Amino acid sequence: MFGRRALQTCRRPRILLSRPPAAYRRPYSTGDTRNAVGVFTPKSAALFIVTGLGLLWYFRHEKAKLIEQQEQERASKSYGRPMVGGPFSLQTHKGGIYTEKDLLGKWSLVYFGFTNCPDICPAELDKMGLFLDAAQKKHGNVFNPVFVSVDPARDSPARIAVYLKDFHPGFTGLVGTYQEVKAMCKAYRVYFSTPPNTKPEDDYLVDHSIFVYLMDPKGQFVEAFGQAVSVEDMLVKVEDAIKEFR
Amino acid sequence: MGWWPFSSSPKQDSPPTRTERQICWDSRDAYYACLDGVGVIRAGTEAPSACKAERKAYEGSCAQSWVKYFNERRRIAFAQKDMIAQANAQNAAATGKTTQ
């Protein structure tokens, strides 16, 4: 059935393995046996090993350094920097214009509240005052406390000016139109809510988030201090931030 | 009430001052102490004759919105205390059962 030809085609084709001409042979296969290793002399072997070991040591060292650096970063910051802050333009309690650029150069403490606040805002502003007195003694005049009103319907710059007399003299009070305040609150992730259908002369409270934002001299967000954070805790956190700041 | 800008003048030109706040808080604390004395949690549910003077002083020295806010907070604080006590009692009962 299967003829010889068929069997032959099934076989692997034979490759012609004739010795290449002398000209194509590699140098170490020719000549005398003393030079059997060719370029791979003891000297080059030593060089190869030393270079290899050197590179190995270098990479291991670099990797260890990188891991150490990452550990340090992780220790100093347990999370990434949140996107808090951004451009804004409001009026100061003295009547000037105040933008995000006015936060630059100093460590800013930004608090959002309103002057008709029953007890939390004044308590937080007093806490900021205590912090500022202690922190300025230690770090100098490098702080910029800011009070932003979330009640633009009632809190005029003049009203805020009167209100701030009860607190640390360094405070700058800010307010603007409802849209301007709303925009800044959005950038700072601050919630505030005025009861619906209220007139400026009404007696109402504004619900709002209670945080003191710490911004570094580059205007970048560092930390948000809640109500439960004590002055001592704030001092420690701020000192760490100042040390870490470059 | 001449010194309290909110109840006297409709235009709120000046914010409450530190002194005014303190007077309000003190009168509130006095009223709440009285309520505690007669065993009342919800302000306004006490007998009309009870804590009358304290209540008058409190409502006279604090803005109405503050009175509402403080009273609500007092109610919530007691409700929370209640809940915590209940939870603790339940926990105690549960651990008591398991250790038996």
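Placement of Cβ uses the backbone N, Cα and C atoms for every residue, glycine included.
These figures come from a predicted structure and were not determined experimentally.
As annotated by TrEMBL, Cu cation binding site applies to A:CYS117, A:CYS121, A:HIS208. The annotation disulfide bond is assigned in TrEMBL to A:CYS117-A:CYS121. The transmembrane segment annotation in TrEMBL covers A:36-59.
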Legend entry - A:CYS117, A:CYS121, A:HIS208 excluded, remaining Cβ within 8 Å of their centroid (Cu cation): A:PHE112, A:GLY113, A:PHE114, A:ILE120, A:GLU124, A:VAL150, A:VAL206, A:ILE210
Inset, instruction - Identify, in sequence order, the residues in the chain of A:HIS208 (Cu cation binding site) that are 6 or more apart from it along the sequence and have a CB within less than 8 Å of its CB; answer 'none' if there are none. - result: A:PHE112, A:GLY113, A:PHE114, A:VAL150, A:VAL190, A:TYR191, A:PHE192, A:SER193
Inset, instruction - Write out the long-range same-chain contacts of A:CYS121 (Cu cation binding site), meaning residues 6 or more apart in sequence whose Cβ is under 8 Å from its Cβ. - result: A:TYR111, A:GLY113, A:PHE114, A:THR115
Legend entry - A:CYS117 (Cu cation binding site) CB neighbourhood, other CB atoms within 10 A: 25
